[in-house]
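Asker: When I checked Swiss-Prot for this same protein, it listed these features:
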{"type": "ACT_SITE", "residues": "CYS213", "note": "active site, for beta-ketoacyl synthase activity"}
{"type": "ACT_SITE", "residues": "HIS353", "note": "active site, for beta-ketoacyl synthase activity"}
{"type": "ACT_SITE", "residues": "HIS389", "note": "active site, for beta-ketoacyl synthase activity"}
{"type": "COMPBIAS", "residues": "19-29", "note": "compositional bias 'Basic residues'"}
{"type": "COMPBIAS", "residues": "30-39", "note": "compositional bias 'Low complexity'"}
{"type": "DOMAIN", "residues": "47-459", "note": "domain 'Ketosynthase family 3 (KS3)'"}
{"type": "REGION", "residues": "1-45", "note": "region 'Disordered'"}
{"type": "TRANSIT", "residues": "1-35", "note": "transit peptide"}
Amino acid sequence: MHAHAAHALGLRVPPPAFPRRRARPRRRPAAAVLATSAAPQRETDPRKRVVITGMGLASVFGSDVDTFYDRLLAGESGVGPIDRFDASSFPTRFAGQIRGFSSEGYIDGKNDRRLDDCIRYCILSGKKALESAGLGAGSDAHVKLDVGRAGVLVGTGMGGLSVFSDGVQNLIEKGYRKISPFFIPYAITNMGSALLAIDVGFMGPNYSISTACATSNYCFYAAANHIRRGEADIIVAGGTEAAIIPIGLGGFVACRALSQRNDDPITACRPWDKERDGFVMGEGAGVLVMESLEHAMKRDAPIIAEYLGGAVNCDAYHMTDPRADGLGVSSCITMSLRDAGVAPEEVNYINAHATSTLAGDLAEVRAIKQVFKNPSEIKINSTKSMIGHCLGAAGGLEAIATIKSITTGWVHPTINQFNPEPEVDFDTVANEKKQHEVNVGISNSFGFGGHNSVVVFAPFKP
């Protein structure tokens with residue numbers, strides 16, 4: 001087995017043969033230790049407080065936020081056999097594949113046929129989020145917006161993979177003259193944000209971030225900082241991904257990162273279970289409308305929840321393997337709480353990264369325990385157990401699940417909890433939803449390359 005593939009599965013492999021630098025004593029980052037001189041203080045300036053006023057998504061459970069969360073609460077699985085292409089020759093033949101997606105009313109037919117699904121999911125989700133924020137196209141509130149202070153920041157881990165794959169195939173089979181003129185524009189990662197901004201006329205900050213499976217949280221963090229610095233009033237932020245195609249599936253198969261439970265795909269994604277054997281691919285988009293409290297109040301916007309803070313950092317350890325000591329993740333959580341003005345004792349819900357991989361699941365749990373000393377008070381669950389791992393879109397969909405847990409008072413189950421690892425002594429909301437009043441919730445997302453990200457949400461209190 002290739003070393004990187006083995007690391008992706010959490011297996012022990014001999015150290016690489018190339019020379020390493022002489023090890024230096026590691027200094028624990030200051031961020032890894034909570035300040036004890038004073039109690040944390042939340043932001044009070046309405047210009048710097050960031051609230052969530054809209055949500056939109058494309059998912060295996062459809063494109064309606066309430067339906068999406070209702071099906072999560074019911075413990076449904078969206079995982080099943082892949083039928084988008086012939087996957088019979090692959091060792092993994094199932095995924096959280098979106099079926100029956102329709103962008104009618106949101107993307108005109110001519111463009112819809114050309115666009116990569118990654119961009120289609122982005123545009124639909126962004127426009128639905130704006131509608132839920134009272135900023136639908138042509139609305140009075142939309143017309144009155146200062147578009148120079150309205151931005152779009154929707155990232156993707158892999159970009160327009162279908163368009164890229166088709167372009168390469170045309171080049172090989174037919175020559176360069178048969179490459180579509182849309183090949184480059186629709187393959188690059190920034191085009192979803194760009195086309196959404198073009199459609200809605202937003203002229204503020206606009207770009208994409210690509211940090212693998214941490215992408216969405218990085219976008220939320222960056223968007224909030226634009227608002228806090230006074231550079232924008234409102235930003236549509238999140239992530240989108242559409243990688244369930246032959247080259248995407250084949251790539252993750254080559255990493256040996258995927259579950260091969262083809263005989264029972266519904267139970268394949270089983271975070272923290274002793275019998276887990278890899279993650280399940282998913283797809284979709286999850287987008288939030290993030291807005292300064294001052295701006296939201298001026299336009300009498302519907303305030304759903306509050307973004308309290310976040311943090312991003314890097315393990316600086318390995319391309320795919322998490323740090324065994326959990327330092328990167330634990331320090332990221334600590335920094336996010338400091339940014340949010342929250343003490344660890346205030347957090348009582350965690351939407352975990354929890355992908356169902358051998359190494360990743362327990363590494364996250366160990367890091368969480370370094371920050372939260374009383375795990376019995378915390379509910380922790382995995383959205384991926386039902387919809388699969390949506391890669392760059394994962395954090396977006398999981399942020400929506402986190403916010404819905406706040407607004408409904410119910411946390412969705414982690415399904416497929418059959419034989420949990422003994423280290424996992426949190427309440428994982430095993431197999432059945434639970435009523436739970438969320439005080440402060442955090443959502444974790446980590447990506448290949450050692451990218452760590454944590455965002456913090458809470459009920460809005462004026």
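Just so you know, glycine gets a Cβ as well, placed from its N, Cα and C.
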Asker: Could you pull the average pLDDT for the domain 'Ketosynthase family 3 (KS3)' (47-459)?
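Answerer: Here the mean pLDDT over the domain 'Ketosynthase family 3 (KS3)' (47-459) amounts to 97.
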Asker: In whole Å, how far does the CA atom of CYS213 (active site, for beta-ketoacyl synthase activity) lie from that of HIS389 (active site, for beta-ketoacyl synthase activity)?
Answerer: 8
Asker: How many whole Å apart are the CA atoms of HIS353 (active site, for beta-ketoacyl synthase activity) and HIS389 (active site, for beta-ketoacyl synthase activity)?
Answerer: 9
Asker: Other Cβ atoms within 10 Å is the metric here; tell me which of the active-site residues CYS213, HIS353, HIS389 scores highest.
Answerer: HIS353
